[in-house]
Amino acid sequence: MEAHQHSPDSSSEECTVLEAPPDKNACPQHAGKVADLYCTDCECVLCEDCMSDHDEHPTIPLSQALEQHRSSLQERLGAVQNRLPQISDALSFIKEILQQLTSQRASIEEDIQSSFEDLHKQLDVRKSVLLMELEVTYGLKQKVLQAQVDSLTRGEGDIVATCTQSEEALAGEACVASLQAERELQEKLGELAGLGLPCQPEENDQLDLVLETDGLRKSIHNLGTIVTTSAVASQSEAMGAGLEQCIVGHPASVTIVTRDKSGGACKSGNAILSAEVFTPDGSIVDGEIVDHKNGTYEFVYIVPKEGDFSLALRLYDQHIKGSPFKLTVNRVLEAEVEVSPSTTTATSSAAYATPSTGSSEGAKRRGKSPGQKKKGSKRASSALGTPRRKTQNPIEDDLIFRIGTKGRNKGEFTNLQGVAASSSGRILIADSNNQCVQVFSNEGEFKTRFGVRGRSPGQLQRPTGVAVHPSGDIIIADYDNKWVSIFSCDGKFKAKLGSGRLMGPKGVSVDQNGHVIVVDNKACTVFIFQLTGKLITKFGSRGNGDKQFAGPHFAAVNKNNEIIVTDFHNHSVKVFTPEGELVLKFGSNGEGNGQFNAPTGVAVDVNGNIIVADWGNSRIQVFDGSGSFLSYINTSADPLYGPQGLALTSDGHVVVADSGNHCFKVYRYLQ
């Protein structure tokens, strides 16, 4: 058989034959065919062989379809890529919440450990006291009984011995020699017969222990609660007349319903909710949040002037549905009031405002100036402590200087609240919405500021009150963190107190024993702590009784160590002993001398006179130690708007947080 041989040329040609590359537009249904059309109904490519199945379907050139698909893809890509910044922000925010949650867990764990260690110590101390009391009581009773036993034992021994001797003498022969001995025995027996021995018990054997452990066990079983909610801002909502109508000087109410991520209503309270009513320039209106403990909350506020306002409702620092809400607040003009009774009713009804973008009618009022309407007297150097002098027109304004504008930089404020003054010539301002404390000299020179926003120990979420301890430590009430923070004089965090007890601390002060006075606005209670955090006592509850409060704000302490508290919604000032007994109450709702429209800041001078910031009337009043009105500080040239904290500087001036005007002001004060 002949072998087939290939020439070198033919072999090379066979090896270099390459397969043709497939057409990029090849029809997937028919091999070798090129697709050049696109069926828009079936969303597929077509070649000429495919057309028989798509005769009645609309088609477009394949190049046009590819361009449209590319354009659509590009558009969707852009839309999805645009979500990345939003997702990144959400991721950062949720990571921050997770970090705060972890920090809060560590803080609570520390509180639990320290609280139970303290309880263990107290139990050990009590055990030692009981054991010592047992030993002392036993020792006293045992000493009496043992002395009685010793006495009886000696008496018994003497009697037995003498009787034995007498029996032996009687058994012997009577003789002259035994006569003297028997006479002595007879005398001794006579003595023993009349010997007084303690035959009745002089003590008893009672040693009982009364230890009421059932109630304690029950208390321990229920001791402590981990408080949280499942509420989220994106599902929670607000309703009520306060979103629809508001009239100057009248309370308005808004109900907040908290809901979980699925929209289900939350059934428990204790959510961290904040509410602010503010003007376009940032002026803040104060109010009170009431927790109904069933997942709903009520925000009650009073607007002191007419104009356009916004209501911001935040749950865990996030706006709830619809927040911020737009409000227009109107007031009844004095000219409109002076009409017939029938007309007055209609005018008052029309004065209620509804949310709108229109401007309010009538002249806007910046705040009442005593020089414009009040009948108080301008203080002379002898005015305080003497009967009041009534004059119609006060003389020059008492303002020395003002510091601050709205902002977040040094010397700028956003909703400043508490004020304190140190003996070293410093003024401290609790800058609430900037989450810091700013420090100035008595002359208004900025010195420093400290504070980092957050919910961990050492951070500030909503500082509202500030005080200076005799040790130099700075004490800060943190309303939203629900505790009081203690910092060194140079702003270094040292400790916190009141965690787990406080619901909404607003103001702080220090008494003459160095104890920390905390005014809990939400709990309507005054707490007194040692600087170590140990609770000494507390007093007050919600209500309008003498020993009750409705949104108390700030406190001061007089030379008798009595605690002076401003009762915001009860429009009064109350003075208590350190034990919580009412000493004095003065003030009522109104605009006259000695009346209040929601008092806030309070201070006491060296003569015991009480200085009060009258928030709703935008003025500062002065009273003697018995609550009698003396005078006011003239603020007419640069009127206050919603004054908050108030203090006396080391050089004898009055410093007040003019919250609505984003500044603090220092006034002359003649003591």
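Here the Cβ of each residue, glycine as well, is placed from N, Cα and C on the backbone.
Since we're looking at a predicted model, the values are computed, not measured.
Per TrEMBL, the feature domain 'B box-type' maps to 22-62. With DSSP states grouped into helix (H, G, I), strand (E, B) and coil, the domain 'B box-type' (22-62) comes out at 5 helix, 11 strand, 25 coil.
Averaged across the repeat 'Filamin' (228-329), the predicted model reaches a pLDDT of 87. The repeat 'Filamin' annotation in TrEMBL covers 228-329.
Summarising the annotation, TrEMBL assigns compositional bias 'Low complexity' to 340-360.
Annotation source TrEMBL lists compositional bias 'Basic residues' at 365-378.
Annotation source TrEMBL lists repeat 'NHL' at 400-443 (among others).
According to TrEMBL, the feature repeat 'NHL' maps to 447-490 (among others). Packing against the repeat 'NHL' (447-490) from elsewhere in the chain are residues 100, 103-104, 107, 272, 274, 410, 417-424, 426, 428-441, 496-499, 502-510, 514, 516, 518-519, 521, 529, 531, 554, 645: each is 6 or more residues past its ends and has a CB under 8 Å from a CB in it.
Taking DSSP states H, G and I as helix and E and B as strand, the repeat 'NHL' (491-532) has 0 helix, 21 strand, 21 coil. Under the heading repeat 'NHL', TrEMBL lists 491-532 (among others).
The repeat 'NHL' annotation in TrEMBL covers 536-579 (among others). With DSSP states grouped into helix (H, G, I), strand (E, B) and coil, the repeat 'NHL' (536-579) comes out at 0 helix, 22 strand, 22 coil.
The repeat 'NHL' annotation in TrEMBL covers 583-626 (among others).
The annotation repeat 'NHL' is assigned in TrEMBL to 627-670 (among others).
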Helix-strand-coil residue split for the repeat 'NHL' (627-670), DSSP-based: 3 helix, 21 strand, 20 coil
